[in-house]
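Below is one structure, written out as structure tokens, with a few remarks after it.
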């Protein structure tokens, strides 16, 4: 019983490390592709437009990341409607 619990915890730890490194690799590839195809100046411009605002169900870390009338869901980190109208 103890061995299976330790084994399960070890597997989960390894999976989380693998996922984190895969995420970093994807971000690096995205940055390299932007630089190659758009040039450095255009890549910087593209990053600014990416940071403008996130639409409904877009990923976010704070309420400011989301567009108007949306807020960042505290548990799932995506933009949801805040219940207000224009």
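Glycine residues also receive a Cβ, built from the backbone N, Cα and C atoms like all the rest.
What Swiss-Prot records for this protein:
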- 53-67: disulfide bond (DISULFID)
- 60-72: disulfide bond (DISULFID)
- 66-79: disulfide bond (DISULFID)
- 85: phenylalanine amide (MOD_RES)
- 1-20: signal peptide (SIGNAL)
Taking the Cα of residue 79 (disulfide bond) as the centre, which of the recorded positions listed as 60, 67, 85 lie within 10 Å of it?
60, 67
Could you check the recorded positions 53, 60, 72, 79, 85 and say which one's CB has the fewest neighbouring CB atoms inside 10 Å?
85
Which one of these disulfide-bonded residues has the most other Cβ atoms within 10 Å of its own Cβ: 66, 67?
66
Cα-proximity to residue 60 (disulfide bond), 10 Å cut-off, over recorded positions 53, 66, 85:
53, 66
Nearest-integer angstrom distance between the alpha carbons (Cα) of residue 67 (disulfide bond) and the residue listed as 'phenylalanine amide':
13
